[in-house]
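Undergrad: Sharing a structure here in structure tokens format.
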Amino acid sequence: MTAGFLVSLTAALLSLSLSPSPVWAATLTQDFTVAWVTANPDGAFQRPTIGINGKWPPPLIRATVGDRLILNVHNNLGNASTSVHFHGLFQNGTNYMDGAVGVTQCAIPPGSSLTYDIKFEQPGTYWYHAHNDGQYPEGFRAPVVVHDPQGPHEGKYDDELIISLSDWYHRPVQSLLQEFISVENPTGAEPVPQAALLNDTQDLQVRVDAGKTYLVRLVNVGAFAAHYFWVEGHEMRVVEVDGVWTQEAAPAQRLYIAPAQRYSVLLTTRERGDENFAMVSAMDEELFDVIPEGQNSNVTGWLVYDDAKPLPRPKTVDRLDAFDDFDLVPVDGLGLLGEPDYSITLDAKMGNLGDGANYAFFNDMTYVAPKVPSLYSALTVGPDHAANPRVYGTNTIPHVLSHNAVIQIVLNNGDDGDHPFHLHGHNFQVIHRSPPDAGVFIEDEGISFPPVPMRRDTVVVQGNGNMVLRFRADNPGVWLFHCHIEWHMEQGLVATFVEAPAELRRKLKDGGIPEDHLAACRAAGVPAEGNAAGNTRDVLDLSGENRAVPPLPEGFTAKGYIAMAGSCVSALLGLASIAWYGTMDMEKKGAGGESPVAED
Ligand SMILES: *[C@@H]1O[C@H](CO)[C@@H](O)[C@H](O)[C@H]1NC(C)=O
Ligand SMILES: *[C@@H]1O[C@H](CO)[C@@H](O)[C@H](O)[C@H]1NC(C)=O
Ligand SMILES: *[C@@H]1O[C@H](CO)[C@@H](O)[C@H](O)[C@H]1NC(C)=O
Ligand SMILES: *[C@@H]1O[C@H](CO)[C@@H](O)[C@H](O)[C@H]1NC(C)=O
Ligand SMILES: [Cu+2]
């Protein structure tokens, strides 16, 4: 077992305090030296993996509400920059600790260090991961548990178990990315993981006692695959979803957990402990374009009542169905937010740009990180300009939100794949979610929203379906909204919400950015002021900003690329041949539409 670090239950102290200003019950200090190690969690392949302090998996972090963690991160990777994001923590007033490279900080270059000051103000199940360059599937991710001595389900369980689910790749992310976002992969088929892991192993044996109730915290720390999770012979009653305590739900046989999602469930063991039970995590194979030969998308673990008894093989399930989280009711009873002050429609789709590679788009725009982290732009372009989306750059897909406004996101998924969308700095009410293939959201009398909607920070929109989310813009900061499939994130399925920039400036005293964060920018040669292009004089002049690859030539279709990729045996496809093919296609078809994104 990896040594996590444990904090004594000090929240009682906190709740006794009458002071309105936060009193950090306990302050932990932890050093993370981030470096390559080798690991072989599926027993099939030794691979370089990102470890912490010489070990993999990285340590689980446990704290109690009210604790604070000073995390000193030293980048000893040698060949990669890094960062740490605490997924699901709102970072209220500490936007610069959010860890998103290009948004709230510069990447920590090799040889540099940076300190995160993390305040655990929310109870629940979270995780931390690198937030740079598609890096976390290299192994830099682990669960975070924030205990809640006053939690609504205290006393209902005897013990707690934490289990991560993940997918595992044998090849390094950077080489997978090179092949993935490439003219040779015009359809954008995602890299398929080699294995599934339960708690970073394929031999998980969870010792339990008969006749007890466990709070089981499940967190998907994977890159791509959603998992069906079940325990044979046992039911699960959901009580937490993404850090939100819910009323105890009806017993579920099976959960569907997409990357970045968390559930806590109550699981009561059997009265007689004379048998062991298989626990299965099955990656959703519908997400995979190809299933490589020899692929086993399932991983089995066991609830072990008796070491002397055999570990049974799991039974085959004919149809994988799962618990529907839509009707979960938060214990706090927070009602449906009223009519939105601002509604953002995001039409998501995948398509090709002029280099023939496949990208992801919101409203025909693909995300490209700015030269200056967006938060630093918000703080340095001057109060008037900070509210102008333009200064954050064309390809950051910026939306400026007014303080305390009710924001609605209508997400129309024009792609046939599912996408787990995540919002930093908030959770949102999921007020509508269509079945697959429902098309775009159309508001009419037929649709009613739940009075107390389920709230979470990562939610799956179905293929060619839609969903509607609401939240209050009560956390000034710059927050990403993105698909949590790491491959899609790298394809640009990301938007930037600049929330209450004026209040943000006021809230972060003295400019707010810690000196070591700015030092990381200097060490990396990244500008830390001005607009998205690093222009400090005329912040409305974006010349030189990072832009996406230009669109396909007019009239050119993705089919052309697919045909081309199929017919060209040579891997040496230069731009010349692309231009040639594009011209041919145009002559045949005449001028096409205006959309920079080709339909497929
Ligand atoms: C960095 O080094 C590691 C360990 O040797 C290697 O696995 C990885 O592919 C390297 N990454 C790049 C981008 O070169
Ligand atoms: C899963 O791994 C973590 C350490 O990473 C450990 O603390 C935890 O107890 C493990 N869970 C189970 C059920 O063994
Ligand atoms: C994984 O589990 C599912 C559900 O039982 C089953 O349909 C599938 O065949 C399993 N895959 C393998 C490789 O055993
Ligand atoms: C952030 O803190 C303010 C109080 O300072 C509070 O009103 C607001 O609801 C908080 N927002 C979130 C998302 O926690
Ligand atoms: Cu996605």
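Backbone N, Cα and C define each Cβ position, glycine as well.
According to TrEMBL, the protein carries these features:
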{"type": "DOMAIN", "residues": "34-150", "note": "domain 'Plastocyanin-like'"}
{"type": "DOMAIN", "residues": "160-307", "note": "domain 'Plastocyanin-like'"}
{"type": "DOMAIN", "residues": "367-502", "note": "domain 'Plastocyanin-like'"}
{"type": "SIGNAL", "residues": "1-25", "note": "signal peptide"}
{"type": "TRANSMEM", "residues": "561-581", "note": "transmembrane segment"}
Undergrad: What average pLDDT does the predicted model assign to the domain 'Plastocyanin-like' (367-502)?
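TA: The answer is 97, the mean pLDDT of the model over that range.
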Undergrad: Could you tell me how many residues in the domain 'Plastocyanin-like' (160-307) are helical, how many are strand and how many are coil under DSSP?
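TA: Secondary-structure composition of the domain 'Plastocyanin-like' (160-307): 11 helix, 65 strand, 72 coil.
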Undergrad: Summarise the domain 'Plastocyanin-like' (367-502) by DSSP state, stating how many residues are helix, strand and coil.
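TA: Result for the domain 'Plastocyanin-like' (367-502), in helix, strand, coil order: 24 helix, 49 strand, 63 coil.
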